[in-house]
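Below you'll find the structure, written out as structure tokens, and then a few comments.
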Amino acid sequence: MSGWESYYKTEGDEEAEEEQEENLEASGDYKYSGRDSLIFLVDASKAMFESQSEDELTPFDMSIQCIQSVYISKIISSDRDLLAVVFYGTEKDKNSVNFKNIYVLQELDNPGAKRILELDQFKGQQGQKRFQDMMGHGSDYSLSEVLWVCANLFSDVQFKMSHKRIMLFTNEDNPHGNDSAKASRARTKAGDLRDTGIFLDLMHLKKPGGFDISLFYRDIISIAEDEDLRVHFEESSKLEDLLRKVRAKETRKRALSRLKLKLNKDIVISVGIYNLVQKALKPPPIKLYRETNEPVKTKTRTFNTSTGGLLLPSDTKRSQIYGSRQIILEKEETEELKRFDDPGLMLMGFKPLVLLKKHHYLRPSLFVYPEESLVIGSSTLFSALLIKCLEKEVAALCRYTPRRNIPPYFVALVPQEEELDDQKIQVTPPGFQLVFLPFADDKRKMPFTEKIMATPEQVGKMKAIVEKLRFTYRSDSFENPVLQQHFRNLEALALDLMEPEQAVDLTLPKVEAMNKRLGSLVDEFKELVYPPDYNPEGKVTKRKHDNEGSGSKRPKVEYSEEELKTHISKGTLGKFTVPMLKEACRAYGLKSGLKKQELLEALTKHFQD
């Protein structure tokens, strides 16, 4: 009997997606709670097209290249997010409310190759001329009207949005210096946007005499409490500086789930679970229709094998053979079997940090931070708990249930103290590292071959080699070369480039530099460790383990018909292992699948008939 989880499910169905998102939010699931939406608001006045030297890019060129970089990264990481490009300070206008000097180039939609190519036509000298012919330059704009147009773009979107942001690119620090009424309306409109959950980020560019943010934009932009203020107040003079600033603002902190931490029956606080490190993977392949090259939507239907009729979810049930009887389970019963506990963290006790060993590591840890959305006052109690755990050097042991249908984990909440750099900027946030603890079956005894201990002289020589090869390691300095080349190939296909850009493999060792540093240490180490006649390129003879015989094979196990019938009648056939069941099916010429349940059904049906 088949399951019912995917009845009439259509992948890509937007209505189903919205319903699924609401259900996942209610259950504390990991799935996203909506789409990110981002509007690039670019100043198109004449000053943005003037560079301070011939070798430098114009502020407008830097802005366009930054926007293209975000488009490409969004296509790779989250292609369901919504992006838009709006120019203000243009001679011509194009917007839904017919405001002057505002040109909406791209409305909020998914990023794609066509949009990147559309931006590409405005780069360089030829792009500047094309922009002049297509839109022109104007100065009689109102920033409040510009923000109004952006707010309308957000309101026209039918999807559920988790974050709504505007990135403003400009090199004009006082746009309404001669018109206090326009400046006042702009400040009011920016406050209205902030109240409705729309955040405005300033990407200010270098101008002659410097960019003074206090003249106007200090009251306009939105700054979170935990944000790096240097990112806001540093003006960008180079493309690398602007890219760094945009990347710092592009990614929003998104909780994997928001759960309740139960300290006891009466005291509950709400926390957010965050994933600080995520392994980068290739995106999954998408099935396309051969004739039109459009994505294929998968639909699942269940039919009766005897009549060919369509089965509804109420027509099917789950079954399990136990004790020679077929046990029928209803849908509610199977769901109840999967449900162990409500999503959340249950405090079980405290243990000293010294009891947490390195070999207890199972998987990357998560990060726990207080949330005020579910329980008001959680931050205060969370902070008190963190301080006491740091003082007493203990970890909180908890039972962690991430979702309703997931078995609970035993975890240790390891306290983490806040760290600041020399300029009092937060480097490490305060909170708890959620460390997954192993179960008994996760700990195994691994057979180790007997090793020959190194002599003190050999150890000393290796220490000297390691000391020579030391360098400052930064994880963000090394990229996965396979992934980088994969994305460059996709970029070349999407943008119709002649050939993809070759990715540099930064993981390869710098052999020449290493040899120069080590000098004669390598040869000295070889003389100490390896015998004189050692050939590193020679074939190594594989040693056989003591328990391995010379060509001995596992004998086949045969079962008599009476023995199998006895087990079937007593309902003990399920005690047989899968290899034993396969051998029995093979002996009687029975065709069956690879699963144990299918093997049991084949043997039972054969002997009962």
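Just so it is clear, glycine is given a Cβ too, placed from its N, Cα and C backbone atoms.
When you go through LYS245, LYS317, LYS595 in Swiss-Prot, the residue listed as SUMO2 cross-link is LYS317. Per Swiss-Prot, the N6-acetyllysine annotation among the candidates LYS31, LYS182, LYS253, LYS445 falls on LYS31. Checking LYS553, LYS565 against Swiss-Prot for the annotation N6-acetyllysine singles out LYS553. Looking at LYS94, LYS338, LYS424, Swiss-Prot tags one of them with N6-acetyllysine, and that residue is LYS338. Swiss-Prot records phosphothreonine for one of THR401, THR455, namely THR455. Between SER51, SER96, SER180, SER569, Swiss-Prot assigns phosphoserine to SER51; no such entry appears for the others, which is not proof they lack it. For the modified residues LYS331, LYS461, the greatest number of Cβ atoms within 10 Å around a candidate Cβ is found at LYS461. The Cβ of SER51 (phosphoserine) has 13 other Cβ atoms within 10 Å, all protein chains considered.
Considering only the modified residues THR455, SER477, SER520, SER51 (phosphoserine) has SER477 as its nearest partner by CA-CA distance. Looking at SER306 (phosphoserine) and SER477 (phosphoserine), their Cα atoms lie 61 Å from each other. THR455 (phosphothreonine) is surrounded by 11 other CB atoms, counting those within 10 A of its CB over all protein chains shown.
The CA atom of LYS331 (N6-acetyllysine) is located 51 Å away from the CA atom of SER477 (phosphoserine).
For the region 'Interaction with XRCC5' (373-482), the DSSP-based tally of helix, strand and coil residues reads 36 helix, 27 strand, 47 coil.
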